[in-house]
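The structure appears right after this line, and notes come after that.
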Amino acid sequence: MLINSSSNIFPSSPPVCSFNTSLYPVVFSCFSDTKNIIHLHLCTITYFLLILPLYLFILWMGFQRWRYHSGQTSHTDVFTYYMAFLEILIVFGLFSFCSAIYTCSTTIMVFGYCCICIGSPAQTFFHCLTCMERYLAVVHPIIYMKLKRSHGVRIRNICIVLAWLLSLWSGGFVAMFFPIFPISVYFSIFAIIIIIVCFCSLAVFCVLMCSGTRRDQTKWRAFHTIMAITGTLVLRFSGQIVSILILHSLSATQLYFCETFVCSVWLCLPSSLVLPLLFLHRNGKLTCHKCNLN
């Protein structure tokens, strides 16, 4: 299923920039409306001031660890480092797209659009890998310890390469079908990832309830990590589904596509925050220490 880029969803307000939807993606037409442009600017500023410094700080912490060889880096932390590179790419894409609206430069807008499309699938893939790593630690601890000692790094690196290949593969589909967005490809990826993380959370919960380990705080922390990631991914995925359903519904409701699309962009924010916040929590950066005033 593909979005028909010739859909008639131009906002009723006077356009700032005019886009030919037979040449450019249908979402470009949403930013012919000043209200949607304001929402995009607010979203870009939020990512630029919140997400970008957060991930740069995480990369700096990773560099300090590598520089001083301070302990073994966990698989989850490595996934977070690579997630940081993807988020920086997406922030750069948002910034390029947003700045190009001022000059109606469609070339730069397409560049920013492609950066976002390339980064989003691999983003969710690293969420999925984090959940699977926690799932193995709780449900299959013996296998997890063997992988941690022997072939774990090799398997982890293969998964990271697959994530980047997934990004390039998705970008290839975007270029192949341009200006039509390949919904089936992206939603298939997201649906598979949602199923995997839901399975991981359910399996971990069953182990905690049935195996007599209800007081094991380490396993409960793993469960909370998986649930936090699952919740943010479901929130992200649901916003995108609603916007697509509205686009393909009756023509009278297609005018609401732009509003729901902008809202779905905001719903992606929690999934961008969950891994860095969990990383900072694991490393004691979010722990509140009580000061004894004597």
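Glycine is treated like the rest: Cβ placed from N, Cα and C.
All annotation found in TrEMBL is predicted automatically rather than curated by experts.
Pulled from TrEMBL, these are the features on record:
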- 37-58: transmembrane segment (TRANSMEM)
- 79-102: transmembrane segment (TRANSMEM)
- 108-137: transmembrane segment (TRANSMEM)
- 158-181: transmembrane segment (TRANSMEM)
- 187-210: transmembrane segment (TRANSMEM)
- 222-248: transmembrane segment (TRANSMEM)
- 254-280: transmembrane segment (TRANSMEM)
Intrachain neighbours beyond the transmembrane segment (187-210), with Cβ under 8 angstroms and 6 or more residues off its ends: 121, 124-125, 127-128, 131-132, 134-135, 138-139, 166, 170, 216, 219-220, 222-223, 226-227, 229-230, 233-234, 237, 240-241, 244
Stretch of maximal Cβ-Cβ contact with the transmembrane segment (37-58) [cut-off: under 8 Å; candidates 79-102, 222-248, 254-280]: 79-102
